[in-house]
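*Asks:* Dropping the structure in here first, questions after.
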């Protein structure tokens, strides 16, 4: 009996230090702790640069004062151009901080650490990077500045997005769509993930599951915007979801080498849109749906399965690496084809860069050179034609690396395939 009892206790003793036996997990915890200390030092000793904070607080003040017409919610940088989730987030920040910058910086410092923890969790779970390469996620001067020295709403949008991506790794598509829609309600750039996300849902679920997940996302948008939709719906939709905005040429980090008359022209915008859609279609057909026989054959099979009587047909478990590679690559294509990227927009894809670089066939040294090169381009202020042209070249080289990399089989086909999945 004593011998049996000892054998029962042994596994629990071996499990207790399990996380410390995994060098990647132990290094990740240490990295989060050290970066949190760095954030605290930045807040304490680096001067804050006020850019949009006063405008945010003015727009929030109008909302809290009872204004529901989006055209009347303005700040010193212009009218409000974000969905209503932004107002709720910054109303909460104003309530907690009293509108003061320093306590808001502390709040954003906590947000930075939470976001980094979620991203590192994604990297550790997918096991794409070697453990030492996780440090790249903490090496961006510009991203630290975006979070704790600028207090941009991009920070909340990307944190919520990364939380959505983490849930998708567990095949929780409905919960992921709800979090994704919440991120969209803070800033629309999250929609760059929408095309690859839709494709992944079509792979993982039947058509009824896809429709119900999309309905959950739509319901979030309706509930978030309800106070404005019932009062001034046209003003809200046109202001919060304006896809035709033209950003100022001076502040753009990319395409700075394009003459301003061409940069702001409708023809240039249409050309980039065509390039964006074309690249998405090419990657979907030749890379993301390669093992299904291409995009069109895959869509045809989904139509056939939707018309069949089997409600469980088309339900599959996707590999974690396929999920993240497709989502990160799809977003990156949007970044490459974006007409204007302001400095805070770097947060839209910085955290995916190491992942994407390690999905290429490039040697490690070249991956590191590309990572450093992109970071340097984003730290040139103001951007110029040379840094802008270099950034585009680096983006295109990474995109070519993703295109030329081998496509892995996307589905899990072991004992996990029999596990009950979310419909």
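Glycine is no exception: its Cβ is also placed from the backbone N, Cα and C atoms.
These figures come from a predicted structure and were not determined experimentally.
So TrEMBL has the following annotated:
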type	residues	note
TRANSMEM	25-48	transmembrane segment
TRANSMEM	104-124	transmembrane segment
TRANSMEM	144-170	transmembrane segment
TRANSMEM	177-195	transmembrane segment
TRANSMEM	207-229	transmembrane segment
TRANSMEM	234-253	transmembrane segment
TRANSMEM	268-288	transmembrane segment
TRANSMEM	323-341	transmembrane segment
TRANSMEM	385-403	transmembrane segment
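For each listed feature, how buried is it and what is near it?
*Replies:* Sequence-distant contacts of the transmembrane segment (25-48), counting only residues of its own chain at least 6 positions beyond either end whose CB sits under 8 Å from a CB of the stretch, comprise 19, 101-102, 105-106, 109, 112-113, 116-117, 120-121, 123-124, 131-132, 134-135, 137-138, 144, 147-149.
Residues 38-39, 42-43, 46-49, 51-53, 56, 82, 86, 89-90, 101, 104-105, 108-109, 111-112, 114-115, 118-119, 121-122, 125-126, 176-177, 179-180, 182-184, 186-187, 189-190, 193, 200, 320, 323-324, 327, 343-348, 351 of the same chain, all 6+ positions outside the transmembrane segment (144-170), place their C-beta atoms under 8 angstroms from a C-beta of that stretch.
Here the transmembrane segment (177-195) has Cβ contacts under 8 Å with residues 82-86, 89, 153-154, 156-158, 160-161, 163-164, 167, 201, 213-214, 216-218, 220-221, 224-225, 240-241, 243, 280, 284, 327, 330-331, 334-335, 345, 348 of the same chain, all six or more residues outside its ends.
Same-chain residues lying 6+ beyond the ends of the transmembrane segment (207-229) with a Cβ under 8 Å from its Cβ atoms: 68, 70, 83-85, 88, 173-174, 177-178, 180-182, 184-185, 198, 201, 235-237, 240, 302, 305-306, 311, 314-315, 422-423.
Within the chain carrying the transmembrane segment (268-288), a Cβ under 8 angstroms from the stretch's Cβ atoms is held by residues 195-196, 199, 246, 258, 262, 294-296, 326, 329-330, 333-334, 336-339, 399, 402-403, 407, 410, all 6 or more beyond its ends.
Beyond the ends of the transmembrane segment (385-403), by six or more residues, the same chain brings 252-257, 279, 283, 287, 329, 332-333, 335-336, 353, 356-357, 359-362, 370, 373-374, 376-378 to within a C-beta distance below 8 angstroms of the stretch.
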